[in-house]
Amino acid sequence: MAAGLKLKQVKKAYGSVQVLHGIDLDIKSGEFVVFVGPSGCGKSTLLRLIAGLEDITEGTLEIGGTVVNTLPPSKRGIAMVFQSYALYPHMTVYENMAFGLKLAKALPGEQDKRVREAAEMLQITPYLDRLPKQLSGGQRQRVAIGRAIVRDPKVFLFDEPLSNLDAALRVATRLEIAKLHERMADTTMIYVTHDQVEAMTLADRIVVLNYGVVEQVGTPMELYHTPDNLFVARFIGSPAMNIVSATITSAGAPATVQPDTGNPVTVNADVAATYLDAKATFGVRPEDLTPTDGPGLFTGTVSIVEKLGEVTLVYLDTGLPDPITVKIDGDVDIAKGARLSVTAPADRLHLFDENGVAFPRMRLSRAAE
Amino acid sequence: MASTQSTIRIVPTGHAKRARSELMRQRLRAAGWFLVPMLVALAIVAGWPLLRTIYFSFTNASLTNLYGAELIGFKNYLNWTVLKSGRVIWSGLLADPVWWNAVWNTVRFSVISVTLETILGTVVALVLNAEFKGRGIVRAAILIPWAIPTIVSARMWGWMLNDQFGIINDVLLMFGLIDHKIAWTASSDTAMIAVLIVDVWKTTPFMALLILAGLQMVPRDIYEAAAIDGVHPVKTFWRVTLPLVRPALMVAVIFRLLDAMRIFDLIYVLTPNSSQTKTISVLARENLIDFDKFAYGSAQSTMLFLIIALMTILYIWLGKVRFDGGDR
Ligand SMILES: Nc1ncnc2c1ncn2[C@@H]1O[C@H](COP(=O)(O)OP(=O)(O)OP(=O)(O)O)[C@@H](O)[C@H]1O
Ligand SMILES: [Mg+2]
């Protein structure tokens, strides 16, 4: 019952408004793929194209090896969980879950078995006779998931299923979905969210979208450690990566750059000689910076200190347009107004060219640092 | 659905603080002041005429002698005289075949017209709910029949249905659907049909708009969920759309039904003097004004009021029973 997906140059336009500009994706059977991206980038649209709720303007979509461009949603072997749950308000939980099966003329015994199994799995058996309005948001969401499970889909689609839940329930339901994926290991899952934590924790692979274009596809750790471009670098990770504009002063591997203020910096990137004297940006994640006594990467005055208990966020005013964010473990005593130098290991620095594309990373052994 | 939600019950608790009950009193007082103008207006324009009509129905008033009328009890409604031969002669409203004919006409007209308008209105509403170019213009245009004053549209249709000059006879003849011109409004076979045609033409837009309002309350993703569940569109309509718009539909139907029960202007203008289409309102006016039987006409008006009031009460009661837990 497994199926992979293949998208080839999928485009979508509403009238003259181009929303998706040629998406190429290869999703393996049984994979958990998460679409992330800023609001309005086309995540939902892409999901709805896969579901068949919207027509594909151009390109082909294959599910399980067959082109399904013109197949209606019910014939694509998919199930979808909507952000708003979209339960039938006048039917009980049981009827909601059985509705599709009943009309597909499944045997009554089989129907009942599947509904009860799904209900058991999601612990909603006690509510089977209730109407959706008599359930809490979390329970409704589980019914919506249950209705999808009952369809026994090859591909499971989620559109921001947790965004209407409160923080605690979101964590709990996230774990439920992770467990669900384990239990339904053959089922391909595609999940839309703009919550980074959901993306990082649930995904086998993440697809980062921006303005209808795929910016990068990779495992959460690939995206975190080796972002392909500035957009992904800034989008993944919280607080966002510090970005400093600089000039390349020596090409090769490693290369050296001169930031707008401060000392030259050596970056573990492979920079071709043609880039000498070119403008570039280098980035470093707040959690990779540590205070140092020596001459660090950045030196400045502490402008704001935010204590979160597990970490302390320090904002350094270094004379650059944006303050440098430093994330230090634990509750450390740093006073506002103090001078502070921070540094980071060279292999934790990221270098991007003028167009925001990352330079290839140098392969180096950790011992060399 | 509104009826179940609009009841606010104030439960006094033993330990309610003084300040709180004072606040409540203030609120009630303010609410009272807001209601007074409307209650006064209603009493003047609706309450007083109603009470006068009910009063006259128990008198022997005539147009020429309104104020010298005497109370005669229920005689306008039902009365009997025992002849010397022992035969009982019944008289009064409830024994009057003309009255019962009018009741039958009214009921027949209401049921048929509202049924047709509901079905057509639903179809129109479904079309208007779909997305297409120029939907806004079509939505506005469809209201035109409803916006034309009834007298005007009745006259207009009267000419269109005319046996000699009417366009409808012309068109039907041209397509060979009839072999001679029909006097639609004058012929006793077709008078009711003519009235129904015009009323359906005029009132379907109103129905459609009320139902459209209900349809727009159904979220789009429910239809999408149904599409993913593989529910055939026709089934989706019967199993999902219809149950969800039922409350709105019921309100629309009852509005129209009450309205249709007191139909007057259309029939008065389109088919005057046809016993085939004479409804209670038309008959009551005839007695009140033309026949100088003011009291008798008042009794007919009062009966119509009772029938409509009864239907309303029945509807509210049935509605409450039905909607408990039925809708969202
Ligand atoms: N029916 C439509 N007609 C025209 N434009 C549309 C339509 N639906 C979506 N769009 C546009 O397509 C773009 C992508 O929308 P989409 O709903 O896919 O965004 P999203 O990534 O899901 O955003 P969010 O995170 O806010 O849900 C948006 O710019 C939106 O304005
Ligand atoms: Mg969205």
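Cβ from N, Cα, C; glycine included.
Note that this is a predicted model, so its numbers are computed, not measured.
What TrEMBL lists as transmembrane segment is B:30-51 (among others). Only residues 6 or more beyond the boundaries of the transmembrane segment (B:30-51), in the same chain, are considered here, and those with a CB under 8 A from a CB of the stretch are 305.
Summarising the annotation, TrEMBL assigns domain 'ABC transmembrane type-1' to B:103-315.
Here TrEMBL flags B:107-128 (among others) as transmembrane segment.
The annotation transmembrane segment is assigned in TrEMBL to B:140-159 (among others).
Same-chain neighbours of the transmembrane segment (B:191-217): 105, 108-109, 112-113, 116-118, 120-122, 124-126, 128-129, 139, 142-146, 148, 150, 153-154, 157, 161, 184-185, 241, 244-245, 247-249, 251-252, 255-256, 259-260, 263, 266-267, 270-271, 274, 276-277, counting only residues six or more beyond its ends whose CB sits under 8 Å from a CB of the stretch. The transmembrane segment annotation in TrEMBL covers B:191-217 (among others).
Summarising the annotation, TrEMBL assigns transmembrane segment to B:237-258 (among others).
The annotation transmembrane segment is assigned in TrEMBL to B:294-318 (among others).
In this chain, the transmembrane segment (B:294-318) lies in contact with the transmembrane segment (B:237-258); the count of Cβ pairs under 8 Å, excluding pairs fewer than 6 apart in sequence, is at least 3. Remote same-chain partners of the transmembrane segment (B:294-318), defined as residues 6 or more beyond its termini with a Cβ less than 8 Å from a stretch Cβ, comprise 3, 50, 53-54, 56-63, 66, 69, 72, 76-77, 92-93, 99, 102, 250, 254, 257-258, 261-262, 280-281, 283-288.
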